[in-house]
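Residues or ranges marked as domain 'Major facilitator superfamily (MFS) profile' by TrEMBL: 15-489. Sequence annotations record features per position, and here TrEMBL assigns transmembrane segment to 17-40, 52-72, 84-101, 113-133, 154-171, 191-209, 245-264, 284-305, 317-336, 401-423, 435-459, 465-485.
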Amino acid sequence: NVAETQEHYKSRWRSIWIMYLTMFLSSVGFSIVIMSVWPYLQKIDPTADASFLGWIIASYSIGQMVASPLFGLWSNCRPRREPLVISTAISVAANCLYAYVHVPHSHNKYYMLTARALVGFGAGNVAVVRSYIAGATSLTERTSAMANTSACQAVGFILGPVFQTCFTLIGEEGVTWKFLCLQLNMYTAPVLFGALLGVINIILIFAIFREHRVDDMGRQCKSINSDGEGSDVLDQSTEGSIDHVAVVALNVLFFVILFVFAVFETMATPLTMDMYSWTRKQAVFYNGIILSVIGVESVIVFMVVKTLSKKTGERAILHAGLLIVLVGFFILLPWGKKLPNIQWQEIKNNSIPRTAPTEMLMPFWSLQELQLPSNHTVEPVGCPVTQSWCLNTPMIYLAQYISSDVLIGLGYPVCNVMSYTLYSKVLGPKPQGVYMGWLTASGSGARILGPVFVSQIYTHLGPRWAFSLICGVVVVSLLLLEIVYKRLIAFSVRYGRMQE
């Protein structure tokens, strides 16, 4: 091990900044369409229902779950530029496919499913990014670097819906380029923009990114994958075994944290359409704004957490974050007396034919009074009668929804960055590609089960069941954290090479 030169230090941080950017672009790829998937799906394929939406949202994560350990393993043995460039190229191609899912005459929903799964497969590079940053930072730099990585990811998740909201100005029709068979509208413009960002990312990886590695003290090491040759004999600081109990516990906690947030994200659009009688466009627009505000809140939290963790330690902050999330979901339970507007009731009350068939429900004179043109159909709003719970579950007030958003937006980023930081410290100086792959995969697993769980539980049993179960899951994870609390310490501290 040699002391680090100024040139090495600069090059190392330039490469870390490129990793931050990759993280940002990978999350933009996910979130830029999240608010508009449902209306776009209804438009291109009327046979798709809400439970299929759950699968489309989940397909991104299935792709990421499969790819993460593979890319992690690849990055342990070969130069990291290879998996980074290949994964980004896959995402670019998949985004272009998504822009064309309206073209085939049938099975459009399956093309959309494939496109999202491939975008997710490309996002498996998150494991490569995290393992590179873990290997290229000393213990003192680690929390800050991991917080920055999570902040870039969060900014991507926030700006995605913001870009989407801006693209709604193009409208549902947009412009059509016949010679390319391409419709440029509020649904396809965001993914094409995502593809462009991916191309820029590939160029920057070739131009600026270099392999670097330092030990826990910050001394320069030979990187085992700098030129793809056999690994050098690593220094003494890597001797010792990893605490696998701590590793498994952190994987489980990370799973819960992402599961809870995925549920929250997936719920936003259907919940607000059911409770507040918002139209599709309103739901996409307002939730886009709300998620953007939460995102800004998250970034502030990431910055605060960096300094706070130096005083209290990562474990205590993780504990606090989970408690805040628990309160956030508890607030969402429906308490009041007032029921949400039902779609057909809405029609009777307002005496406006929301959809053509409902004209039969209305007395002749009220139709005369309205004098609407015969082809007039308005999108039905309110809680659909097909969800039987709509008839007896109290509505969740907007104030409840907003307060819950604020708390979850505070707790989630805290838990996210602390679990990553603790994980990379527990693993220590050995190459972390595969382990980071498993952590990313457990997060992806959560993103798969979250939307599917919600689309089933929420649709059939309603918000009371859905949110009570979530509260239960968070309570169990708090108990797990208590049990393993003492084991969540850095590798070098565990073997007495450094003081905590």
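A Cβ is built for glycine as well, from the same backbone N, Cα and C atoms used for every other residue.
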Among 17-40, 84-101, 191-209, 284-305, 465-485, which stretch has the most Cβ pairs under 8 Å to the transmembrane segment (401-423)?
284-305
Which residues, given as numbers and ranges, are at least 6 beyond the ends of the transmembrane segment (154-171) yet have a Cβ under 8 Å from it?
23-36, 184-186, 189-190, 193, 281, 284-285, 287-289, 291-292, 294-296, 298-299, 302, 413, 416
Below 8 Å between Cβ atoms, which of the listed ranges 191-209, 284-305, 317-336 makes the most pairs with the transmembrane segment (245-264)?
317-336
Are there residues at least six beyond either end of the transmembrane segment (465-485) with Cβ under 8 Å to its Cβ atoms? List them, or say none.
245-246, 249, 252-253, 256-257, 259-260, 263, 267, 315, 318-319, 322-323, 325-326, 329-330, 332-333, 453-454, 457-458
Spatial neighbours of the transmembrane segment (191-209) far in sequence, C-beta under 8 Å, 6+ residues away:
14-15, 18-19, 21-22, 25, 28-29, 32-33, 80-81, 84-85, 88-89, 91-92, 95-96, 98-99, 122, 163, 167, 184
Do any residues, 6 or more residues outside the transmembrane segment (17-40), come within under 8 Å Cβ-to-Cβ of it, and if so which ones?
50, 53, 56-57, 60, 84, 88, 91, 95, 98, 112, 116, 119-120, 122-123, 125-126, 129, 132-133, 148-149, 152-161, 163-165, 168, 186-187, 190-191, 193-194, 197-198, 201, 204-205, 208-209, 265, 268-270, 280-281, 283-284, 287-288, 291
Can you work out which residues elsewhere in the same chain, 6+ from the ends of the transmembrane segment (113-133), have a Cβ less than 8 Å from its Cβ atoms?
15-16, 19, 22-23, 26-27, 29-30, 37, 55-57, 59-72, 74-76, 80, 83-84, 87-95, 97-98, 101, 145-146, 149, 153, 198, 420, 424, 431-433, 435-437, 439-441, 444
Predicted model, mean pLDDT over the domain 'Major facilitator superfamily (MFS) profile' (15-489):
81
Residues of the parent chain within Cβ reach of the transmembrane segment (317-336), under 8 Å, 6 or more residues beyond its termini:
253, 257, 260, 264, 305, 308-309, 393-397, 400-401, 403-408, 410-415, 418-419, 422, 463-464, 467-468, 470-471, 474-475, 477-478, 481
